[in-house]
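Annotation source Swiss-Prot lists GTP binding site at 13-19, 41-43, ARG301, 327-329, 405-407, citing sequence analysis. What Swiss-Prot records for ASP14, GLY41 is Mg(2+) binding site, and it gives sequence analysis as the kind of evidence. Annotation source Swiss-Prot lists IMP binding site at ASP14, GLU15, GLY16, LYS17, ASN39, ALA40, GLY41, HIS42, THR126, ARG140, GLN220, THR235, ARG299. Under the heading active site, proton acceptor, Swiss-Prot lists ASP14. For HIS42, the entry in Swiss-Prot reads active site, proton donor. Annotation source Swiss-Prot lists substrate binding site at VAL295, SER296, THR297, GLY298, ARG299, LYS300, ARG301.
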Amino acid sequence: MSKADIIVGIQWGDEGKGKVVDKLCENYDFVCRSAGGHNAGHTIWVNGVRYALHLMPSGVLHPRCINIIGNGVVVSPEVLIAEMAQFENLKGRLYISDRAHLNLKHHSLIDIAKEKLKGKNAIGTTGKGIGPSYADKINRTGHRVGELLEPQRLCEALMKDFEANKTFFEMLEIEIPSAEELLADLKRFNEILTPYITDTTRMLWKALDEDKRVLLEGAQGSMLDIDHGTYPYVTSSSTISAGALTGLGLNPKEAGNIIGIVKAYATRVGNGAFPTEDKGEDGEKIAQIGKEIGVSTGRKRRCGWFDAVAVRYTARLNGLDALSLMKLDVLDGFEKIKICRAYEYKGMEIDYIPSDLENVQPIYEEMDGWDKVFGIKDYDLLPENAKKYIARLEELAGVKVKYISTSPERDDTIIL
């Protein structure tokens, strides 16, 4: 019996998980998404071609991989169908859990309207309706992908939901669709998606029993976890390794190696605490060189220096076996590079994450920069200062680096 390896982001998302999964996919039979929705975005470059994935597992770019969208994901049929249109021959290579919850048009309308009502206190959601979808799930009023197999019954259930919440929709100035319009959409979803809907948990159990190689692909980052992130400026699902298991119906004994994906610096989209944010020239330089624009939202990411306190925290949360250090090349040409080794908090120096992270100040150490690592594939060819930087990050995080990315391209990766 084999075990499922897990890839998790250990900052605030956008760490480069897509490239790592894409690089590793050739060694796996199954690649699985466990949580989130189309608020997540993976960017993968192959032979100069850019692929932006939101719901599809990154294994879709490898013909031999079977791709699974698990029960913990909230699925927008509209977005998924559009994404599927980019690829050929998906039958037999893509499966969607019948237990995954649906993310429909009214969810995004609710999301956008509620953010507007919050004004300056807005969380900074993607507006994709992910929170409202998970809220329906927790309230036990949601609908699941398996219900698409009976579109007429699902339409009737949704219309009853809309009628029961009519006052709420009117308050938010959201127009309720007609039954005819809704049924037409559901029938279209049914026609296209039915061949892909199945019990993916049983499929994965069978795969592990048969010693197939399985990779679980996390979405977003551990600092956005609903329980352990910078609440309330978090996502609506579990983004840590334990959540990857529950989002696919696997138990803790079925976890294999856990790899944490981390940028050589730090970024964040949306509002919330970000201790190492640099609002000056260095932050702007990182943003421009790193092309730090959100894949799902098109929003500019906030940029700053590597936060070793946060990474040490998320490394423990996830039980990491190794790190994959991404976008090291973005720091090419910086004369000095900062690392946050601790925080100042209420007059004390601390090395942990308090629940009120917005009240800390970073304590930095500086290291000398380097000229160029771009495109290097051999560790021995890295500049000495880059090697020293990597070694210091390992020391502060308490986890060894196994992979180093030196460009957006799939093959520009050092494996240690």
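Note: Cβ is positioned from N, Cα and C throughout, glycine not excepted.
Quantities reported herein were computed from a predicted structural model and do not represent experimental measurements.
Sparsest Cβ environment among the recorded positions HIS42, ARG299 (other Cβ atoms counted within 10 Å): ARG299.
Every protein chain shown contributes to the tally, and the Cβ of GLN220 (IMP binding site) ends up with 27 other Cβ atoms within 10 Å. Its Cβ placed at the centre, ASP14 (Mg(2+) binding site) has 28 other Cβ atoms within 10 Å. The binding-site residues in question are LYS19, LYS300, ARG301, and the one with the fewest Cβ neighbours inside 10 Å is LYS300. GLY13 (GTP binding site) has GLY41 nearby among the binding-site residues ASN39, GLY41, THR126, ARG299, LYS300, counting only those with a Cα within 10 angstroms of its own Cα.
Counting in whole angstrom, HIS42 (active site, proton donor) lies 13 from GLY298 (substrate binding site) by their C-alpha atoms. Checking each of the binding-site residues (ASN39, THR126, GLN220, ARG299, LYS300, ARG301) against ASP14 (Mg(2+) binding site), the C-alpha distance stays within 10 Å for GLN220, ARG301.
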